[in-house]
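Student: Swiss-Prot lists these features:
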- 1-51: region 'Disordered' (REGION)
- N24: N-linked glycosylation site (CARBOHYD)
- 30-46: compositional bias 'Low complexity' (COMPBIAS)
- N42: N-linked glycosylation site (CARBOHYD)
- 67-87: transmembrane segment (TRANSMEM)
- 91-111: transmembrane segment (TRANSMEM)
- N126: N-linked glycosylation site (CARBOHYD)
- N129: N-linked glycosylation site (CARBOHYD)
- 153-173: transmembrane segment (TRANSMEM)
- 175-195: transmembrane segment (TRANSMEM)
Amino acid sequence: MSSDYTAIESDIPADTNPPPSYQNVSGQMETEQTNTNSQTTNGSTGPQTWTDRLKESSHPVALLFYMFFRLAPIFIYIFGNLFIGLITSKNKFILHFIILILLFAADFWNLKNVAGRLLVGLRWWNETNATEGNVGEFENVWVFETADPNRYINPIDSKVFWILLYAQPVVWMVFAFLCVLKFQFLYLLLIIIAISLSLTNAMAFTKCDKFGKANNFATDIFSRATGSIFSRLNPFAS
């Protein structure tokens, strides 16, 4: 006995597209998340702005004032007559001269007494002492002060300090050369004052830095030598 079966076709057309694979969907989500994380990481490692660098400073206020007093005299020297001309047309040179002299003095004092001590741990001053055996004769003595060698010196503070310390007198020398070419001898006198003040600070802080390093080196050698001798003479040392 034989039986024949006829396949019954459904009225609803079959979906030719296969069902979505959950593994593929999860894989795409992981890929997108990885790309997003990589973009975020790349964005966070971008170039730092001046604000970001100032935030890393140990003394941001002192660093800002140092940069201001170092750069303000140069800016006022170039554009000072323009701004003064907007206020008054009389005695522009005298006002320009007085403002620059005040900025030179403020920069010299701030660098010598505040910025050097806070940013790089260095300070200097000059003393006048009477010479022994000679009445009425005096000698100038340079006194250098350095911070504790264990004190942390911020690299950003140190880099900005030394760059502006040496860059400013170079800029004033360029301006002095231009004044000679233009026969501006009154401004040349002003620039000579700026060069003398800036070079004095540059030379003094350079000597102070070398003195501090040499003193720390000698102290380190002496402490090691005395420690070695004491350990050898100590009978209880292992």
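Every residue gets a Cβ built from N, Cα and C, even glycine.
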Student: List every residue in the same chain as N129 (N-linked glycosylation site), at least 6 positions away in sequence, whose Cβ is under 8 Å from its Cβ.
Tutor: F138, E139, V141
Student: Within 10 Å of the Cβ of N126 (N-linked glycosylation site), how many other Cβ atoms can you find? Include all protein chains, please.
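Tutor: The Cβ of N126 (N-linked glycosylation site) has 11 Cβ neighbours within 10 Å.
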Student: So which residues does the transmembrane segment (175-195) touch in its own chain, when a touch means Cβ under 8 Å and the partner is 6 or more beyond its ends?
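Tutor: That would be 73, 77, 93, 97, 100-101, 104, 169.
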Student: Given a Cβ distance threshold of under 8 angstroms, which distant residues of the chain, six or more beyond its ends, lie next to the transmembrane segment (153-173)?
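Tutor: 53, 56-59, 63, 66-67, 70-71, 74, 111, 115-116, 118-121, 147, 191, 194-195, 198-199, 201-202, 205.
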